[in-house]
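Undergrad: Annotated active site, proton acceptor per Swiss-Prot: 44, 71, in sequence order, evidence recorded as sequence analysis. According to Swiss-Prot, the feature active site, proton donor maps to 219, an assignment based on sequence analysis. The annotation 3-amino-2-oxopropyl phosphate binding site is assigned in Swiss-Prot to 8, 19, 220, 241, 242. Summarising the annotation, Swiss-Prot assigns 1-deoxy-D-xylulose 5-phosphate binding site to 10, 11, 46, 51, 101 and lists sequence analysis as the type of evidence. Feature annotation from Swiss-Prot assigns site 'Transition state stabilizer' to 152.
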């Protein structure tokens, strides 16, 4: 399997914070992930430190046998802190304190100057830069223009459509009303959304006029919906967290990661 799996360990820390004690330790998850065949560790250092803390970041970077990809907002203090630690990659993401999880891609146009300056800072520190974006062609062009080295395509819309179409979510109090389409319409929307992701991945990695970007994908991916995304040849990496950690409660973290790698191979 050529596509890589980055395991997001945010919710290991979420479980720890539920009791405000010292376990489970996110660092321990790093070594389990390596043994299970993960290719990378991903986590989000949020402004409110709701799960991962600064001390976690430092310990994990210093001790991890796997490459580290840190997600963060355009926050000057966080950027300075991370540049001092020099992880392999930093992925810039949008952030709202009131959100449960990241709700969409970066608004590159409105933050153009800040993103440009931040990417230059990453480059000077030898840190690979990525932008978390919605699968829109204009965002790909802007990412190229800014000098990003990679993009991660936000798969949340696809994931939510799949949940509403093929799970019991639509019959619960968690139903996503904005995705409550009739059966035929929701399947057509899934197909369109997948095509948007595939076309953006192809555009990102093309060599026309300028250097290609590496293309990753993530958000809301689970064991049922990951196969179609993993089959897009231009996507070289998936970053997945919640579904792996949720399954690990029942089967253990190592087995949950192995099962995800197997699901990524299913067409």
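Including glycine, each Cβ sits where the backbone N, Cα and C put it.
Please go over these features one by one and say how buried each is and what sits next to it.
TA: There are 22 other Cβ atoms within 10 Å of the Cβ belonging to residue 44 (active site, proton acceptor). Secondary structure at residue 44 (active site, proton acceptor), as computed by DSSP, is strand.
Look at residue 71 (active site, proton acceptor): DSSP puts it in a strand.
Sequence-distant contacts of residue 8 (3-amino-2-oxopropyl phosphate binding site), defined by Cβ-Cβ distance under 8 angstroms and a gap of at least six in the same chain, are 42, 43, 44, 218, 239, 240, 241, 242, 244.
Of all Cβ atoms in the shown protein chains, 22 besides its own fall within 10 Å of the Cβ of residue 11 (1-deoxy-D-xylulose 5-phosphate binding site).
Sequence-distant contacts of residue 152 (site 'Transition state stabilizer'), defined as residues of its own chain at least six apart whose C-beta falls under 8 angstroms from its C-beta, comprise 91, 130, 131, 132, 133, 215, 216, 217, 218, 239.
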Undergrad: Could you state the CA-to-CA distance between residue 51 (1-deoxy-D-xylulose 5-phosphate binding site) and residue 19 (3-amino-2-oxopropyl phosphate binding site) to the nearest Å?
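TA: Approximately 12 Å lies between the Cα of residue 51 (1-deoxy-D-xylulose 5-phosphate binding site) and that of residue 19 (3-amino-2-oxopropyl phosphate binding site).
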Undergrad: Hey, how far is residue 46 (1-deoxy-D-xylulose 5-phosphate binding site) from residue 71 (active site, proton acceptor), Cα to Cα, in Å?
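TA: Cα to Cα, residue 46 (1-deoxy-D-xylulose 5-phosphate binding site) and residue 71 (active site, proton acceptor) are separated by 8 Å.
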Undergrad: Going by DSSP, give the three-state secondary structure for residue 219 (active site, proton donor).
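TA: Note: residue 219 (active site, proton donor) is coil by DSSP, not helix or strand.
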Undergrad: Which one, from the recorded positions 19, 46, 51, 219, 242, has the smallest tally of other C-beta atoms lying within 10 Å of its C-beta?
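TA: Candidates: the recorded positions 19, 46, 51, 219, 242. Fewest Cβ atoms within 10 Å: 19.
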Undergrad: From the recorded positions 10, 11, 71, 219, pick the residue whose C-alpha lies nearest to the C-alpha of residue 19 (3-amino-2-oxopropyl phosphate binding site).
TA: 11
Undergrad: Return only the integer: C-alpha distance in Å from residue 11 (1-deoxy-D-xylulose 5-phosphate binding site) to residue 220 (3-amino-2-oxopropyl phosphate binding site).
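TA: Rounded to the nearest whole number, the Cα-Cα distance is 13 Å.
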